[in-house]
Amino acid sequence: MAAEEGQVIGCHEIDVWAVQLDTAKQSNKLIVIDFTASWCPPCRMIAPVFADLAKKFMSSAIFFKVDVDELQNVAQEFGVEAMPTFVLIKDGNVVDKVVGARKEDLHATIAKHTGVATA
């Protein structure tokens, strides 16, 4: 179920999510989680942007997509109340959140936490 570098990893089952998250934490890279829903128009709008960011930051971050309807407990664990919500984890701790389909804010927040300057 592992994705190649630069790809968004979709997690649809709780046991797959747990394994993928543990593996990502061991990489010491920034973890970026897109909490989304199939019925959410802003989520669909930002999906290609999120995929592009996964390619742009592939050397310093791992990107996940979690459907809040499929993994409700995971969404609750991270305090997700609106979609899309992007949660950033570094060294096992939540370091930032971006709520809404705000691509510039998402890009800037990822760049800040990876230390990677991109245009």
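Cβ atoms here come from the backbone N, Cα and C positions, even for glycine.
As the structure is a computational prediction, the values presented were derived from the model and not from experiment.
What Swiss-Prot records for 2-115 is domain 'Thioredoxin', and it gives sequence analysis as the kind of evidence. Annotation comment: Swiss-Prot describes Cys40-Cys43 as disulfide bond, evidence class sequence analysis.
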Review point. Around Cys43 (disulfide bond), how many other C-beta atoms are within 10 angstroms of its C-beta?
Key: 21
Exercise for review: Under 8 Å Cβ to Cβ from Cys40 (disulfide bond), same chain, six or more residues apart: give me those in sequence order, or none if nothing qualifies.
Suggested key: Met83, Pro84
**Study point:** Composition by DSSP (helix, strand, coil) of residues within the domain 'Thioredoxin' (2-115)
**Key:** 47 helix, 31 strand, 36 coil
